[in-house]
Amino acid sequence: MKWSEMASVNATQQHLNFSSSWEEDSSDNSFDEWTHKSVPLRSPCRTPRIQRHRNRSITVSPSVPTSPIPYAAWKKLRLCDSPSTPKSLLSKSTMPCSSSKTCRSQRFLRLSTAFERVPSVNINPFTPDTVRRNSEHYKRKSQRSDDDEDYGPRSKEIQNSSEDESFFLPSKRPAVSARMLSRYESEFLELACIGVGEFGSVYRCVKRLDGCMYAIKRSRRPIAGSANEQLALKEVYAHAVLGHHPHVVRYYSAWAEDDHMIIQNEYCDGGSLHDAITEKREQGEFFSVPELRDLLLQVSMGLKYIHNSGLVHLDIKPSNIFICRRSTLSAGGEGDSEEEDESHSSGVVYKIGDLGHVTSISSPQVEEGDSRFLAYEVLREDYTHLPKADIFALGLTVLLAAGASPLPQNGDDWHRLRQGELPNLPHELPALFKDLLKSLLDPDPTARPSATALCRHDVLCKERAGKLATQLRKELNVEKFRTAMLERELKEARLAATSPQQSCQPGSLPKAKRKLVGRNVARSVSFGFPGY
């Protein structure tokens, strides 16, 4: 090695020794304190000290050049395995605040970004206000710390900034991987296509795990970013909020595959009311008056539950009312009342489905449904009495089941129905029931009965009262039979209790016989203990 190269190495080592010594002097001080204080810098040309050991002799060959810095001085430079590298120093210089201030700013940053970041879950717009307020109060309580003195001013600033923004943040779209297994194909066995609509198709499937039948609705086209995306999300939101009710189609789960929405619902083995009306019309038949009363009563119960939940359906029609042929009792769902606790003797249960047009009563975002069942006030964008629009559509649905001709989409006949005129029917209805249907089609929405009033109407309660009387008579006969059986058992027990006292006189007891327990072991029949 030449002496010029050795000089350059020596200068480099001196510069590195300067960086290391500055790190030792300023490692305990923050960058902001260093900027306000003048730190005396050592001379960059100072040669590093060399510690020589007396007991060590260093022999230097005159022909072979060696490093001017021994091993001990080289280790003192702290260039090996040192965390204080130039990169770490640079990262420290980019943070102008002290350690205590950094922790506070980081806590504020985490708190503010928690409100500003895009949510990882969807926000259900149909969630009741009480549940939403409780969740926000719990979130604020969990974010506050006992030793955080600046929480009050920060929370006010965050609250003011969050109120300016829209409450409903963008919906979360699930990431779909090409290697992801299809849940629909792995968990369900498709049997048949039972319906095709504007949104997509409905399939009758068997779940491989539990062996039960379900109705799986799948969107026809990818809905991500399309107009149908909001309709699909509305249906999922409404089903999730409503829960389980005997007159609303039950919801189980929903997921997305390849940007297609898939909804797992309850399977109704009787098909839709539209199918039943079409089948009867082809056979020259129509629904009888008791069947019409049962239809009107059960759908009114479902609408009552939906309206009491703060929602409106806005798409009531025969194709969205489904039939279960099996005989079921009222399952005690949420919102049940005394008029719902009945057994359907006909074995037919009507359920409201297809909640794609559901919206909130307090803050409506109306998507107009089928124009044949649309109330006139909704067409005029008067949303002050939205639940009465469902009542109007229910009246037209009952008229179709009674044998009315298909409803017009526009024209004079369409306007005559909105004026409260009933269409011609193939058979005469009772006067009271006919007046009830006229009230459902009243041009004034305030004059139409509510779903709760329909459930208690005298015309519908008479039919229900007859069913209840028959059921009560059956239950009374069963209770009479049980009472007779209990009386007979009680009489026999009394006779058995008095007979030993009459037959057993003093001195008339038979002699006790000896019984063998085991081998050659005698034991008395009496099991009394001495002293008792």
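Any Cβ shown, glycine's included, is placed from N, Cα and C.
Between the listed ranges 253-279, 415-441, 469-495, Swiss-Prot ties the annotation coiled coil to 469-495.
Taking the mean position of the Cβ atoms of Ile194, Gly195, Val196, Gly197, Glu198, Phe199, Gly200, Ser201, Val202, Lys217 as the ATP site, the remaining residues of that chain whose Cβ falls within 8 Å of it are Arg218, Arg220.
Nearest neighbour of Gly200 (ATP binding site) by Cα distance, taken over the recorded positions Asp315, Asn320, Asp354: Asp354. The record assigns Ile194, Gly195, Val196, Gly197, Glu198, Phe199, Gly200, Ser201, Val202, Lys217 to the ATP site; their largest pairwise CA distance measures 14 Å. Reduced to three states, the DSSP call for Asp354 (Mg(2+) binding site) is coil. Counting only same-chain residues at least 6 apart in sequence, those with a Cβ under 8 Å from the Cβ of Asn320 (Mg(2+) binding site) are Ser272, His313, Ile352, Gly353, Asp354.
Nearest Cα neighbour of Asp315 (active site, proton acceptor) among the listed binding-site residues (Ile194, Val196, Glu198, Val202): Glu198. Asn320 (Mg(2+) binding site) carries a helical DSSP state (H, G or I).
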